[in-house]
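Trainee: Input: one structure, supplied below.
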Amino acid sequence: MSKWGHLAQTLTARKQQDLYRSRLTIDSPQAPRVMIEGREYLAFCSNDYLGLANDPRLIAAAQQALSEFGLGGGASHLVIGHHRAHHELELDLAEFTGRDRALLFSTGYMANLGVASALLGRGDYVIEDKLNHASLLDAGMLSGARLLRYRHADAEHLALRLDEVGDSRALVITDGVFSMDGDIAPLDAIAQVCHSKDAMLMVDDAHGFGVLGTEGGGCAAHFQMNQVQVPVLMGTLGKSYGAAGAFVAGSGELIETLVQFARTYIYTTSMPPAIAAAARVSLRISREETWRRERLNELVTRFRKEAIGMGYQLAASSTPIQPVFIGDAAAAMELSQALRKEGILITAIRPPTVPANTSRLRVTFSAAHTDDDLNQLLEVLHKYRGATNIAGVANA
């Protein structure tokens, strides 16, 4: 038997556990309604929170930049891949977030790995929320530092963890908005603990940037926290802002350290300049069109009231991420598939992405969703209320 025969066995086991992942291929732009294999579906599973992924103004900006800069970045930022569009976006992001400087990364995953590897090493500690995104946990494990975890959103437990590190350097990392639960980290309390214990705080605001704050400045803006209180701020441009890529914002010393030592920044090709140009327009739209966040709040408020009234168990979330807890992985998949037959796309989230017995439907809203869209979702959820097994779905 081949030494690699375990691959097939592992895949078979994953299927038997109802944890097998598969991809959908869409044939349309990202929007509330998408086309898959010739059928239109109403999607409540995108991270396009502000509804900008298919905005004609972003498309026009990208097209103009394509004619000016071409398509590819061509090289890493430190060789000849740092285009004017990148530089101007970094300036905009620094100003928007109230930080000295900002640095672009190709993805949020690479930004997180880059920060941890540049700031930490053997003898250091990285302390993370138990429910942090996988990229943050990977960043901690790969940094060379010792990884500790504290109870979810528990600043008191974080303080106890920091007491364990003694005089060693410690980087505390938390999501701003937790991607699978939608709740907001208590950044004010966490920042106070970090300050009192001389630890550096990093916030991954991938799902808060654009959604929270009057102009969409994210969790730091929501809590009115400056660069001293949140020294390392990471945000993404492919969710609320409808583009792609990510950034880290902070002091000049921090950013220059990343330029010199963050391997995921140094050893990769820059994002296409056209994406950076489109993201600049997206930032402006977010700041000016505050109705987009107001619309999200309207959708979330009504959804929560009516879904809870039907008997569904929701997470304690005020953000566009509204998980509907099912529990069993197979039951979550069955309900997701039943909704798809009704023309509604909602992804079933199962272990290991979430803890065992907490499988859920991850409902997400976009400012582009209409009242009729929400009505359709609620009607179908009403039909399947209480359906948590095969018989329940079949007989709903």
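Backbone N, Cα and C atoms are what each Cβ position is placed from, and that goes for glycine too.
Fair warning: this is a prediction, and the values are worked out from it, not measured in the lab.
So Swiss-Prot lists these for the protein:
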BINDING   ARG21, HIS133, THR353  substrate binding site
BINDING   GLY108, TYR109, SER179, HIS207, THR236  pyridoxal 5'-phosphate binding site
MOD_RES   LYS239  N6-(pyridoxal phosphate)lysine
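Each of the listed features needs to be described in terms of its position in the shown structure.
Mentor: Applying an 8 A CB threshold to same-chain residues 6 or more apart, the list for ARG21 (substrate binding site) is empty.
In the three-state DSSP scheme, SER179 (pyridoxal 5'-phosphate binding site) falls into the coil class.
Counting every protein chain shown, the Cβ of LYS239 (N6-(pyridoxal phosphate)lysine) has 27 other Cβ atoms within 10 Å. In the three-state DSSP scheme, LYS239 (N6-(pyridoxal phosphate)lysine) is classed as coil.
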Trainee: Can you tell me how far the Cα of THR353 (substrate binding site) sits from the Cα of LYS239 (N6-(pyridoxal phosphate)lysine), in Å?
Mentor: 19
Trainee: Return the member of GLY108, TYR109, SER179, THR236, LYS239 nearest to HIS133 (substrate binding site) in space, with distance defined Cα to Cα and candidates limited to these recorded positions.
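Mentor: Answer for the nearest of the recorded positions: SER179.
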Trainee: For TYR109 (pyridoxal 5'-phosphate binding site), which of the three DSSP-derived states applies: helix, strand, or coil?
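Mentor: Its secondary structure by DSSP: helix.
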Trainee: Have a look around GLY108 (pyridoxal 5'-phosphate binding site) and count the other CB atoms within 10 A of its CB, chains all included.
Mentor: 25
Trainee: Could you measure the widest C-alpha to C-alpha distance across ARG21, HIS133, THR353, the residues recorded as binding substrate, and give it to a whole number of angstrom?
Mentor: 18
